Each structure stands twice: as structure tokens, then as C-alpha cells.
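Visitor: Okay, these came from Swiss-Prot:
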{"type": "ACT_SITE", "residues": "CYS945", "note": "active site, phosphocysteine intermediate"}
{"type": "DOMAIN", "residues": "745-1005", "note": "domain 'Tyrosine-protein phosphatase'"}
{"type": "CARBOHYD", "residues": "ASN564", "note": "N-linked glycosylation site"}
{"type": "REGION", "residues": "117-141", "note": "region 'Disordered'"}
{"type": "REGION", "residues": "277-305", "note": "region 'Disordered'"}
{"type": "REGION", "residues": "350-384", "note": "region 'Disordered'"}
{"type": "REGION", "residues": "421-512", "note": "region 'Disordered'"}
{"type": "REGION", "residues": "675-719", "note": "region 'Disordered'"}
{"type": "MOTIF", "residues": "1004-1010", "note": "motif 'Leucine-based sorting signal'"}
{"type": "SIGNAL", "residues": "1-21", "note": "signal peptide"}
{"type": "TRANSMEM", "residues": "616-636", "note": "transmembrane segment"}
Amino acid sequence: MGPPLPLLLLLLLLLPPRVLPAAPSSVPRGRQLPGRLGCLLEEGLCGASEACVNDGVFGRCQKVPAMDFYRYEVSPVALQRLRVALQKLSGTGFTWQDDYTQYVMDQELADLPKTYLRRPEASSPARPSKHSVGSERRYSREGGAALANALRRHLPFLEALSQAPASDVLARTHTAQDRPPAEGDDRFSESILTYVAHTSALTYPPGSRTQLREDLLPRTLGQLQPDELSPKVDSGVDRHHLMAALSAYAAQRPPAPPGEGSLEPQYLLRAPSRMPRPLLAPAAPQKWPSPLGDSEDPSSTGDGARIHTLLKDLQRQPAEVRGLSGLELDGMAELMAGLMQGVDHGVARGSPGRAALGESGEQADGPKATLRGDSFPDDGVQDDDDRLYQEVHRLSATLGGLLQDHGSRLLPGALPFARPLDMERKKSEHPESSLSSEEETAGVENVKSQTYSKDLLGQQPHSEPGAAAFGELQNQMPGPSKEEQSLPAGAQEALSDGLQLEVQPSEEEARGYIVTDRDPLRPEEGRRLVEDVARLLQVPSSAFADVEVLGPAVTFKVSANVQNVTTEDVEKATVDNKDKLEETSGLKILQTGVGSKSKLKFLPPQAEQEDSTKFIALTLVSLACILGVLLASGLIYCLRHSSQHRLKEKLSGLGGDPGADATAAYQELCRQRMATRPPDRPEGPHTSRISSVSSQFSDGPIPSPSARSSASSWSEEPVQSNMDISTGHMILSYMEDHLKNKNRLEKEWEALCAYQAEPNSSFVAQREENVPKNRSLAVLTYDHSRVLLKAENSHSHSDYINASPIMDHDPRNPAYIATQGPLPATVADFWQMVWESGCVVIVMLTPLAENGVRQCYHYWPDEGSNLYHIYEVNLVSEHIWCEDFLVRSFYLKNLQTNETRTVTQFHFLSWYDRGVPSSSRSLLDFRRKVNKCYRGRSCPIIVHCSDGAGRSGTYVLIDMVLNKMAKGAKEIDIAATLEHLRDQRPGMVQTKEQFEFALTAVAEEVNAILKALPQ
């Protein structure tokens, strides 16, 4: 039968969601299941064939002989979780007897890490114990009743430790009253459950034990203050009264070794998973007073009576005990443990035993003080000692390991175990004692307690008997001996290691394991897999003992069986029948083997597969990235190489004979021009002519074939001139006067419109064969001022082209050639004019079309080269310098002579027909670029727009006036200069706005020149 229905309903109402897992299918209460938890806290949990194994938390029942020893490593977070779970279970009425409690706490402990201990060697002979198994059981039964009676009056304190909410406590009280107590179920066990839940989370401030003793000794017990981190309970509860007694009981270790097969918790502590708490000898040996009438064996009766007296004083003086802290209670417990060790030696050995322990008999000669009136009578001392031993033995078996181990783990200032110095000396002085049963079976804790019991037995009696028990207890708090204080820390550690090595048990039994691909593996799946292996080997499933699931693996031990199957046989059979086992179990077996459980470390297969998958994915991504970079680099290289290859082919095709000297010289010139950077310093006004294209753009990036870029160059300083400051200011005043005086500007423009050039005949331009070559009949070349082509080289065998040379100061060498934008029929004539006049700079001041009206024919190739009659034009580069203009470079080749020339075109984009640019600054910047390219050349500059008069005339006027000022002219007459231009080509500067723009541009440039001059 499971728990009653009202209890389950109350549990569902009280428990919050997901705090405790659902209870499994229950069995009748009181049924002793294997592996039950809580045997350290409550008796009656383990069966007759089971022993309580100390797992460092609650204790676990295991079948005898117990083979699986481990300790849980409990973190502060895990302790808090266990405390909450215990509070809720205790508050709802569950005890350790309930299967639901077992299930919940087993689930809570399943995720805690374990440290596996080395079990005692099975072959090592066990010496017979001083107490038989029957006497041990008798002590256990009698001690349980005595301890229950002794501690039942302290139940208010234990209940006060449970800090559960009022609702939980009320529910627990009603539930406990409603149901009858089961066998082995008492309030003491439940109270201890609550007590452990609270005290396991205690923490103490860090500090050395030496500092604690120094602070403790000068004070009396009545002056002690409660620890700050101790649990807070009601002031009316005698908390420290019970705590002192429990701590004294908890520190006790049984004096005699257990019999064979005994696996009580105090004996399992021989192979600790961590260093035990330090127990140091008192600083000064003292003796305890003996009761009257017992001079024969003071160790057997006097110490026991004194311990009993101390316990009674703890009852009578709760006010003094209430000030004790956790660390001080631990000290009292250790002291009483040593006294109890001495009592046991006196009972077991008598005076000879005391002599064997190295005593000189000085205790018998010391004074014997009497106890106060509340001491026990002489004839009842031995019985009281028996009862006292039963109480201590009972409490040691239930609470000793838990309280002391938890306290040790939670003390941050705890020191490693220090081996007493006189132990090695006593062993060497008494070699026969090394073969005794006590040393053969003694653990680390027993060696420690026995050693210090000798020092406690040799203490001097205190001056005050009976009533001064608390003063004696305070003065006898354990302290470091002089030998230990003088010993270096390294030597202490070395001695401690040596002592532990002497008592370490043998390696634990090898275990078989099977690693699967499922992480975590469920316990039922692991058991089913082991059962499949058992059926495969035709052995009973009971041959596989201690089946446990660790992550993705199931571990087991093979016990003795009729078929003599060993763990190695199981491993071999698993490997040979891997496919069959995988088919029956539905699991994939990754690994099998045999090894020590403490050394088994399984790599989760999923993590391994995930790591492998991640590694493969990262490798593929890296390879893809590298491949992408290589492909991109190769593509860029191929594109650039292809472009260069096409350019070389075009350049090589300019010559008819690849082997000719002219072609080789031309190719070498091209390579030099593409590789040479311009000089850093500006060229002088009279330097030699340079034919390198790169030198034309010394203030900008080097052009590359078919490259397009943009840059602004307005920050460039104006060209240096020879104009002095006075002349500049005079010219600037003249310009400003013209611009401000609108009437004067109007009169000058009217005079210019009425001006007629002499001579002004245009008969050649008006011939019938030449009329189609004119874009506008309003702008025809004068007969005396026109460019003559070589008729023998012309495709039309004519010397006419609508272009006029513009002379400046030298009538033999024109500075400009003003011409119209080429027509489709005159493109060859245009390139012939460029070639024959030796021009290297073309200034284009019009877009190709305006509002759908063609302004100029596209007379250059967009890419590659075009052939115009005998002239091949190859586009080398095109640079967009700003929004207003761009620059193109051409290679011009005469196919008749195989000669080549570099021609640069400056194309201004934002100047429309019969209009002006939006800003004079952009045109002045454009002019600087043109002059920088042209500087040092003697050939004319070809300037054209649509008709070759309005915009071309304005540009030529501005450039001519500024060049004169740069050469140091003292007087400037812009109107006269314009009349000079119109004498050579009609219609130059077509509108008044264009004339006014010319004045503004000149004034702005003069102002810039004046700013650049040194003041």
C-alpha cells in the first residue's frame, strides 16, 4: 500500500511546481530496499545483511561485504538544494522510511560528483575485535534507547532548527499526528533530518586553528559569544547545551577495530576522500581528577566519570554553553573524543595497557581530588561508564561522520592533518607494537585519536574539582605541541603523507564498463544492457553486482559464479557480439573495457562527435575561404593581365612591321611613360619640352589604362607670376570698377558689337565643297586667318577646315587654334590638323549634346582604338577630376610614317551654348590643369566648343589676359584684347554675360595671385 490518499493530496497542495520530482510507484512502508539513504541519521533502514556505508552525506545501505566506497563532493549550492529538499520532505511528514523520500534524495544526489575510495584488501586478515558482533548489536540496541532518552528533552531545540514556513510545520504536525509511527520511526530521526538540513549549510569565517585557540583560552565559557554565522533560533531554546553534547559525541571514534565484515561509518573513514580535520595535542599536559574510591585504574573510571560530570554540567549551565560557537564546540568534541579513547584503553587493557602506551606512572602518584556532591557514587561509576560508552557509541554510528565531515568541509580555514611527532618515535621504541591488531586495522583517524589519548591520560589534575569542569575544559582545548610548532610545514606534510601511506588500503576491484552513444544513459537502459550481456553469456543477472550508470557508460562488477565468468570474459564477449547487443538494446556501443572505477573517465560520445563535426565544419569553411580568396585573386590578376595584353596588342598593331626600329622605340617609350612618376618640384616656365604623359599630372594620381577616378584640385595654388603688388592692385581696381559700373560695361559691350574686323573676307569657307564642313554659317574662317591642311594627306584632297589660328605676341607662332566641334565628315580633318600643327593639348568646352541637340561629334574612341583615314587614335586613360571636367589621354599614330604622339584632352562639361559656367572657380581650376600640362611647350592649344566662337573665345580671352599679367604686363585692356581676337576669328565672345564672366574670372584670379604673393 502506498501513502494514504489525504497525505498525497496534501503533498500536491503544499509542494510548489517542479520542486520535487513525482513520486515513483511506492511499496509498503517499512520494506527495506537495497541502497537506501539516511542510515547515518536513522537506524533500522538497513537490512540484516546490509551495512551502513558513509558516503559523506546521509549514509547508504550496501550488502555485506560492501565493495563500493565513495564520497559525494558537495558544493555550497548543492548543500542549499539538499537543505531545501529536506525541509520540504520533513515539513510534509515524510521520513527516511518513506520510499518517496528515498526516491527524491536519490535524484538529488545523482548529479553530485563522487570520489571513489580505495577499499580494504580482501586478503588482509582481520584481527578479532574486543567486542563480538553480538556485543556490538547489544551496544547498538541499548545505546539507541539510552541516546533517545538522553536527547528526547532536547526535541524543542531540534524542532526550532527547522526554519520551514509555518504552513509547512503545521502540515507536518497534522500529518505526523494522523498516522501511527512506523517501526523505527521516531521524532528523533525526523529532528536529526531537519538538523542536518540546516547545519550542512553552515559556514565559518576563515582563520587558522591556532588563532582560534589563542582567542579561546583567555576567556571563560560564560564570556563566549555566539558565532555570527551560526543558525539563529529562539532565545528560549537551549541550543548550545545540546550542541556541546552532540559535538562531543560526534568527535568520538570507537577504540577497538571492527570485526571482519563490519562496515560501520566510523570504520569506513579509514580511507577518507579528503584530509581529516586537524587534531592537535594540548600545549601543556594536565591531569584530570579521579573520583573517590577508585585508585586502581583511573583511566577506566576517573575519565569516564569526568566526562559524565561534564555532560551533567552542560545540562545545569545552559547559559554558559549558549555562548559557544561552532568552532568552539568542535574543540570540545575533539577533547572529549580523546578522553573517551583513554577510557576505552583503560577498560580494555588496564594498567599494563597504560604502561605499554609509554606512561611512566606519574598519574598514579598525582593528587586525587574529589567531585562535588552531584557526582556519581563510587559503586555506580562503572555502570555509568558503560552507559556513557553506549551513548557515545550510538551517536558516533549515527551522527559522527556526518557532523564532523560536514564541518571539516565547510571550514575554510581548516588545516591539513598533522601527524604527531612522537608517533614514529613510539613505534621505533616498541617494535612489537607494530604487529598488533590495533595497528594492522587502524585507520588514519584511529591512529590520530590513539596517539593523543596518551597525552590526555598524562595530564595534571586541575586545582578546582567538580564545579570547575568548564574551566578545565576551556584550559584543555587542543593546542599545538611545541614539537609541532617548531617543525616546518614541509616536514609536517611529509610526515602526514608517510603516515597515510602506511594505512592506505589496496586498489579497489576492477570494474567492467560499456560506453554507449547516449549521454546521459538512463539507469533502466543500463540495467537492460547488462541483462542482455548476462543472457548472452548464459549467466544469471545476479552475477553482475553494483551496476551503475556514469554518463554514457554503464559499469558493473562480476561476482563469483558457477561458470567462472570474469570481467575480462564479459568485455571480450561484448566486443565479439557487439552487433547483436546493439540490435537487442537499441544502443550503439562505442567502447568497452576493464579498469578501476576511480580512474574511469569517459569521453561523452556526443561531445566527441560534436567536436569532430565542428572541426570538420571549420576545416571546410576555412578551405572555402582560402579557395574564394585564391579565385578572387586569380580573377583580378586575369582581368588586369587581359587588359594589359589587349593594350599591348593594340600598341603593337600601330606599326606595320613589328621588327622595325620605330615600333621598338615606340614600345619602349610606352613602358617608360607608364612607369615614370612626375618630379616633385614644379617645372619652370622655360624648361624643355617633356613628352611624358605622367609629367602632365604631377599633382594627381598616375593614370592607368582604362582607369577612371575623381579628384578635386582647387586647393592647388595659382601659377606663380611676375606681377608685382602695385600692378595687381591697380588691375584689380580696374576690374572691380568695370563690374560695379554697369553703364561703363554696357558701353564697352556695345562698342565691341559694332566693331568690324579688317580684312574680313570668307570666300574659301563659302565655297560649295566647303559649306558642308561648317557647323554654323555665322562663324566662318577669314581667308587671311585659317588653318591650311596638306591636301595630299587629306581624305578629301582639300586644305580647308573651320579652324582659325589665334596669335598673341608672336605672329609666327600661334598660341591657340580656335575651331568648331568636329562633324562626322570632318573627324579625319580634325586629327590631321592635330597632327600637322603639332598639338598635344585639346581643350573641349562643350558637352556632346545639349537638350537633344548635337553639339559635337564623338571624335575619340571610348575604348581601344579607332582609325580616322591614316591616323589611328588609341584611348589610354580617362580621369574624372571633378564634376565639371575630366581628362583623357590618347596615343595618335600616323600610319604613313609610323610616328606616334601623346595627345591630352581636357573636357569641360558644365558650360552650355551661349551661357556661362555656374562658377568661375571651376573654370579657373580647369585652366590651371590645362596650363600645367602645356607648360614649356611651343605648340598651339586647340580650343573648341560647338561653333568655336562663343565659349572658345571667352576661354581664350581669360587665358590670354591672365598670361599677360603673369608675364608682368603693366596695363591690361580686356576690351582691346577681345577686339584682337575678333580680328582673327569672327564671333569670339558672343554675349555680354560671357564678357562680364571673363572680367569676373580675371578679377578673381588676380585676387588669388595677390594673396599668394609675399606681403
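Yeah, the Cβs are placed from backbone N, Cα and C, and that goes for glycine too.
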Visitor: Could you count the residues of the motif 'Leucine-based sorting signal' (1004-1010) that DSSP puts in helix, in strand and in coil?
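Guide: Final tally across the stretch: 7 helix, 0 strand, 0 coil.
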Visitor: What is the average pLDDT across the domain 'Tyrosine-protein phosphatase' (745-1005)?
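Guide: When the pLDDT values over the domain 'Tyrosine-protein phosphatase' (745-1005) are averaged, the result is 92.
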Visitor: Under 8 Å Cβ-Cβ from the residue listed as 'active site, phosphocysteine intermediate', six or more apart in the same chain: what's there?
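Guide: Sequence-distant Cβ neighbours: GLN820, GLY821, MET844, LEU845, THR846, GLN855, CYS856, TRP911, ASP913, ARG951, SER952.
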Visitor: Where does CYS945 (active site, phosphocysteine intermediate) sit in the DSSP three-state scheme?
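Guide: The three-state answer is coil.
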Visitor: Does ASN564 (N-linked glycosylation site) have same-chain partners at least 6 apart in sequence with Cβ under 8 Å from its own Cβ, and which are they?
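Guide: When sequence neighbours closer than 6 are ignored, ASN564 (N-linked glycosylation site) has nothing within Cβ distance under 8 Å.
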